[in-house]
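If you look up Swiss-Prot, you'll see 150 marked as active site, phosphocysteine intermediate, on the strength of sequence analysis. Here Swiss-Prot flags 65-206 as domain 'Tyrosine-protein phosphatase', drawing on sequence analysis. Annotated N-acetylmethionine per Swiss-Prot: 1, in sequence order.
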């Protein structure tokens, strides 16, 4: 039977495009995540970037838009996660932070889980699914509302939410992606995450076929 562990082990980083990602922490510190020589490099950015290196255009405006995937499952950016009024307006009780170097702002007000994930195509996003899914399910069991966020709420957090829907609702990648895109139009998981999500679907379809064969034998 083709399991999630097999999917994770079989996934190859070698064919994916390299890139770098900037993260802004709660204190305003800039962190650059890059992949070089088969290693992740995380450095603090001292000088403001003149642009071009990572194809990054700085946007100083706050992104407080929250995508309502389900009444109890929300997707957003670090700006939303750091805005108390936005969190209260959406009745958030749990916050899943999958950014790198982004602090949790209101520790006494919400239940947090932080998992540092680099927004690189080479990052094995599937390996983070089990603990992320468990936290989301825990919030649901407690009749809570969980916000999943990364830095921009575009790639990492979106991939986690898409994967969760594929797993919990046995839906296809296309259907899950469309649902999340409709709720938060800005989502755009990086190329590696997109490939892994498709691989995840293939594994689930293989498992379904195996179960059908077992039941018919």
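A Cβ is built for glycine as well, from the same backbone N, Cα and C atoms used for every other residue.
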### Query
How many other Cβ atoms are found within 10 Å of the Cβ atom of residue 150 (active site, phosphocysteine intermediate), counting all protein chains shown?
28
#### Entry: Summary of DSSP states over the domain 'Tyrosine-protein phosphatase' (65-206), given as helix, strand and coil counts
67 helix, 20 strand, 55 coil
